Amino acid sequence: MDNLSSEEIQQRAHQITDESLESTRRILGLAIESQDAGIKTITMLDEQKEQLNRIEEGLDQINKDMRETEKTLTELNKCCGLCVCPCNRTKNFESGKAYKTTWGDGGENSPCNVVSKQPGPVTNGQLQQPTTGAASGGYIKRITNDAREDEMEENLTQVGSILGNLKDMALNIGNEIDAQNPQIKRITDKADTNRDRIDIANARAKKLIDS
């Protein structure tokens, strides 16, 4: 640099400023893409949560319907005058360990009544802006002190804000996944229990028809 003329030094400064400006533009573009991906992920998790809730409600309704079906089968046995030996009576399905583990006893501590910790929703891309900002004096050391450096400062300020948003989104995504995993297992257990209950009811109905 000592061998460069003042004009060459100025040209070099402008070249570095142009390169730095393009770098901040690329960084900002990548940050915006990451934020958009995070928003889409949160939206998809929210939609998945609604679907899981509907599935679980459907399984709960099947469970209730099966309870009524079993009562009907018991009444039909009585109406048909079938005498069942006490040792051959069908055991109440809801007294079984598998049922109690899945549905509990209907009290406040039953699996169905346990509410997992839910993160605060982020909808329509509206994210809280972080309170942290640029360090005192700005992000860059000004050399040319022109509009390019103004844009660089603005770009880096936006990047800092987006990084704060990404941190919040990562926490929300992690919390939502942690909340949904137990529900997915609960749904699987309920589906398995309902299947077993339906199989037993079908066997009772077939036996009743064949009698």
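From the backbone N, Cα and C atoms, a Cβ is placed for every residue, glycine too.
Residues annotated as N-acetylmethionine in Swiss-Prot, with experimental evidence given as evidence: M1.
Per Swiss-Prot, phosphoserine is recorded for S5 (among others). In sequence order, the list of same-chain residues 6 or more apart from S5 (phosphoserine) whose Cβ falls under 8 Å from its Cβ is empty.
Taking the Cβ of S6 (phosphoserine) as centre and 10 Å as the limit, one finds 7 other Cβ atoms among all the protein chains shown. The phosphoserine annotation in Swiss-Prot covers S6 (among others).
Annotation source Swiss-Prot lists domain 't-SNARE coiled-coil homology 1' at 14-76, citing sequence analysis.
Within 10 Å of the C-beta of S20 (phosphoserine) there are 16 other C-beta atoms, taking all protein chains into account. In the three-state DSSP scheme, S20 (phosphoserine) falls into the helix class. Positions annotated as phosphoserine by Swiss-Prot: S20 (among others).
The feature coiled coil is assigned by Swiss-Prot to 23-76. Within the model, the coiled coil (23-76) carries an average pLDDT of 94.
Taken from Swiss-Prot, the feature phosphoserine covers S23 (among others), and the record attributes it to similarity to another entry. Around S23 (phosphoserine), taking its Cβ as the centre, 13 other Cβ atoms fall within 10 Å, counting all chains.
Counting every protein chain shown, the Cβ of S34 (phosphoserine) has 15 other Cβ atoms within 10 Å. If you look up Swiss-Prot, you'll see S34 (among others) marked as phosphoserine.
For C79 (S-palmitoyl cysteine), other Cβ atoms within 10 Å of its Cβ number 8. Among the features that Swiss-Prot reports, S-palmitoyl cysteine is placed at C79 (among others).
The S-palmitoyl cysteine annotation in Swiss-Prot covers C80 (among others).
Under the heading S-palmitoyl cysteine, Swiss-Prot lists C83 (among others), citing experimental evidence as support.
Residues annotated as S-palmitoyl cysteine in Swiss-Prot: C85 (among others).
According to Swiss-Prot, the S-palmitoyl cysteine annotation covers C87 (among others).
Positions annotated as phosphoserine by Swiss-Prot: S110 (among others).
Positions annotated as S-palmitoyl cysteine by Swiss-Prot, on the basis of experimental evidence: C112 (among others).
Annotation source Swiss-Prot lists domain 't-SNARE coiled-coil homology 2' at 146-208, citing sequence analysis.
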How long is the line from the C-alpha of S161 (phosphoserine) to the C-alpha of S6 (phosphoserine), rounded to the nearest angstrom?
38
